[in-house]
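The block underneath contains the structure these notes are about, expressed in structure tokens.
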Amino acid sequence: MRRRASGCPPRTCRTTVGAGKKALPSAATTPEGRAAEIRDAALALGFDAVGFAPAHLGPEVRARLDAFLAAGMQGEMGWLAERVEQRAHPQGLWPEAVSVIALGMNYGPEDDPLALLERRDRGAISVYARNRDYHDIVKKRLKALARWMVERWKGSELKVFVDTAPVAEKPLAQAAGLGWQGKHSNLVSREHGSWLFLGEIYTTLDLAPSGAEVDHCGRCTRCLSACPTDAFTGPYRLDARRCISYLTIEHHGPIPHEFRAAMGNRIYGCDDCLAVCPWNKFAHAAREPGLMPREDLSAPRLAELARLDDAGFRALFSGSPIKRIGRDRFVRNVLNAIGNSGDPALLDVAAALRADPSPVVAEAAEWAARRMDEAARQQGSR
Ligand code: B12
Ligand code: SF4
Ligand code: SF4
């Protein structure tokens, strides 16, 4: 599928919120009035959740981040250990920030994403990556909201973020009332379950806080026991090095042997801990077209994905977040799934990649072919 020229659904596609209206009333001058106006504008632009918090986080966020880093749980994501002061404190990043606007965009799936895990000749791409890159979609909306805000409150300043900046997005979203950090460590919303992308605007405007959300996990531990690779060292604590999302997206070399079998057919990201959360019963499918699944990425055949060369990979994943990991890492993941498939028809596909110029692909092909050979021999001797 080609990228659409614009990600905005027609209903919300405006560069400036309120454009087309004859005369806007003058801008609100109280923290409550400003927050109310911004909420309306954000919802009109296609955001599904909006909240406000002071540009401040408690010392526990820094302490937890330090503990995570001290244990080395960031693995190869060395950038998490840089600019810690900025990540843990909004004013560490931008001293002039007075308020934070936390925004969420729903990317809920239509069906149970875990059903695909049974189809071993297919690759499971996590829900968030089955269509366009959410960074592009959310950033575009954040910028539209930002343009409208600086026009409306002249002299105010702001900065917009989604994912990649040193910003503690989940604690900020909780502080702004969008949800709470569940035991799987992601933000859970009473209205959208586990399926919200997050973005933020730091602003010099004083905005009335929405009030923080409290933890509604109670005694539930479903997400912790659902993890195929035992990545949780306890409630709220994730060892990223063991997480399939990290192993398939962030990790560069061969996948450590101890995780290969448990990864099954997951070839990009993982949804298990998110999908089992009981709060998803209140969730609904994404309304943003760019976040609805592409048909060809909903249950792609492993055999076809393994045959992708660089050009084929780039063409298939143009505009997709998957493009970022490149053909070699992606085919490595596909070969891991082929090794787990037990499908004899895929043996030749794996064997053909043993001589691939990329060492990471060749190693994964060797492993997959050997594993399938062994499985075939075991079946034959029964
Ligand atoms: C690094 C990163 C990853 C890493 C590490 C994940 C992690 N949990 O830290 C990896 C690659 C594994 C990853 C995976 C995923 N990610 Co990610 N990731 C990030 C990123 C860039 C930074 C997160 C971070 O700071 N981690 C460092 C640790 C220390 O922070 P933390 O998880 O908040 O950990 C806190 C808790 O453990 C807490 N804690 C410890 N004890 C206690 C006790 C209590 C009571 C509480 C409340 C908290 C608590 O303290 C820590 C510090 O606050 C954010 C974007 C951002 N800038 O925030 C996206 C982000 C968190 N990812 C996101 C997504 C969607 C995913 C995946 C679902 C993608 C997928 N399907 O594969 C998975 C989910 C895996 C999981 N269970 O977390 C979304 C989550 C949206 C949401 N609703 O929360 C974010 C916010 C991006 C976005 N803008 O939407 N991700
Ligand atoms: S995303 Fe998957 S591998 Fe990572 S913690 Fe959740 S269930 Fe475990
Ligand atoms: S599955 Fe249960 S413990 Fe995990 S985040 Fe959801 S409610 Fe909390």
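In case you wondered, yes, glycine gets a Cβ from its N, Cα and C as well.
Whatever TrEMBL says is automated annotation, not expert-curated.
When TrEMBL records R87, L187, L198, S245, C270, D271 as binding cob(II)alamin, the matching candidate from D111, D121, D163, D296 it lists for that site is D163. Most Cβ neighbours within 10 Å among the binding-site residues C220, C227, C273: this distinction goes to C273. Counting only same-chain residues six or more apart in sequence, the Cβ atoms lying under 8 angstroms from the Cβ of S245 (cob(II)alamin binding site) belong to S126, G269, C270. The C-beta environment of L198 (cob(II)alamin binding site), restricted to residues of the same chain at least 6 apart in sequence and closer than 8 Å, consists of A102, L103, G104, V162, D163, E169, K170, A173, L178, L187. Listed in sequence order, the residues of the same chain lying 6 or more apart from C217 ([4Fe-4S] cluster 1 binding site) and placing their CB within less than 8 Å of its CB are W180, G182, K183, V188, P235. Beyond its flanks by at least six residues, the domain '4Fe-4S ferredoxin-type' (207-237) meets 30-32, 34-35, 38, 51-54, 68, 98-99, 101, 174-185, 188, 190, 243-244, 247, 259, 262-264, 266, 270, 272-279 of its own chain at Cβ-Cβ distances under 8 Å. Broken down with DSSP, the domain '4Fe-4S ferredoxin-type' (207-237) shows 5 helix, 4 strand, 22 coil. C277 ([4Fe-4S] cluster 1 binding site) is 12 Å away from C227 ([4Fe-4S] cluster 2 binding site) when you measure Cα to Cα.
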